[in-house]
Amino acid sequence: MGFVKILSLSLAATAVADAATILSPRYPNDVIPNEYIVVMKDGVSSASFASHSAWVADMHYYNHTKRALPGHGIQEVYDIYEMKAYSGKFDEDTIQRIAKEPDVAFIEPNQIVTISEISVQKAAPSWGLPRISVKENQLSSNTDYFYDSSAGAGIWVYVVDTGVDIKHPDFEGRAVWGTSTVDRSKTDRLGHGTHVAGTIASKTYGVAKAVKIIAVKVFKDRTTSYKNIIGGIDWAVKHSKKNNMLSKSVVNMSLGGGRSSAMNKAAANAHKTGMFVAVSAGNTPVDAMNFSPASEPLACTVAASDKDDMQAQFSAFGPAVDIFAPGTDIVSLVPRKKFGTKSGTSMAAAHVSGAGAYIMALEKIPGNEVCNRLKELAQSSIVRSSDKTTRKLLYNNSGK
């Protein structure tokens, strides 16, 4: 499956008197020891944040010098629209003192993230593109993809994933390297990010065949952590802002896991900048409200459909789902000039990111209006979905 899983946080929290909430892990053995994500309250000024960070650095240095303990302190700092946060490695005494600071909203332990196995079926038929360009299911007689020749030109898509093989010839030079929050390698070792990017923008299998892909690598193997993903979002927002592209940018996150306030807040604040944020619902057939960033209302949450316009057996569902898109046996790119087939809500989200970029270019609308527009255009075609789940299936408004 193409969905990236993350270990869950329980809804329970450790209450500290007159202090910020420290979320408690559901599976303690899966937490990265002494690593935390600290999120500040909305409205904290840059000056106050800088002062707080300096205080933490000084306190951490003093504590560890006094007790001769190794430690890293603050490692990464995030500033995503209204969200100010940082991650790092702290001992229990330090984190309890941080929690008592009045500007701190909540603290989460950093957790391991793992990517699930990906199935590959060579030479399988591609069907997602023709399906999203017609109102009625015509797959038995039609394999043509109908789209406007603008094809998303002028739109940037940040693929927050395992990396992208930017040299794959099917990208026609439109894929570029952005950053990595996990290592210095520009290689997509797993192929997941390349496949996702190919569905979004490749010449042969892409929904929006003229957009620019920017690779944001947050996985170096099958595990990563929340702080790496949030760091990728932070970089994408800053890069887009620097280039005056916020309202013309898409963030695709074909990943997720146990519900996380920090992850949701990062996704929400990316949306608030003007970007279109598309995320996968999850590859476990349960309520998507259990997952993040799928449970974030400002993210466009995508469930997977099959060739018969039914909810895919593996797809998450529920009121958090905004739209369905093709997600089973999807043919796209894999590294080293190859092609392959994968299934998952990751692939469904990629279709929506591509369609979002396409509509942004065609209708000249900002990214943070795109999810509602896609839902307006979508057809009530899903013939079998779970209770309280939309029946809306992605449609690119081709007129067919």
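Placed from the backbone N, Cα and C atoms, the Cβ positions cover glycine too.
According to Swiss-Prot, the protein has these features:
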ACT_SITE  ASP161  active site, charge relay system
ACT_SITE  HIS192  active site, charge relay system
ACT_SITE  SER346  active site, charge relay system
DOMAIN    36-115  domain 'Inhibitor I9'
DOMAIN    126-400  domain 'Peptidase S8'
CARBOHYD  ASN252  N-linked glycosylation site
CARBOHYD  ASN396  N-linked glycosylation site
SIGNAL    1-19  signal peptide
Request  = Please work out the number of neighbouring Cβ atoms within 10 Å of the Cβ of SER346 (active site, charge relay system), leaving out its own Cβ.
outcome  = 35
Query = Helix, strand or coil at ASN396 (N-linked glycosylation site), per DSSP?
reply = coil
Message = Neighbour count, 10 Å Cβ-Cβ cut-off, for ASN252 (N-linked glycosylation site): what number do you get?
response = 32
Query = What three-state secondary structure does DSSP assign to ASN252 (N-linked glycosylation site)?
reply = strand
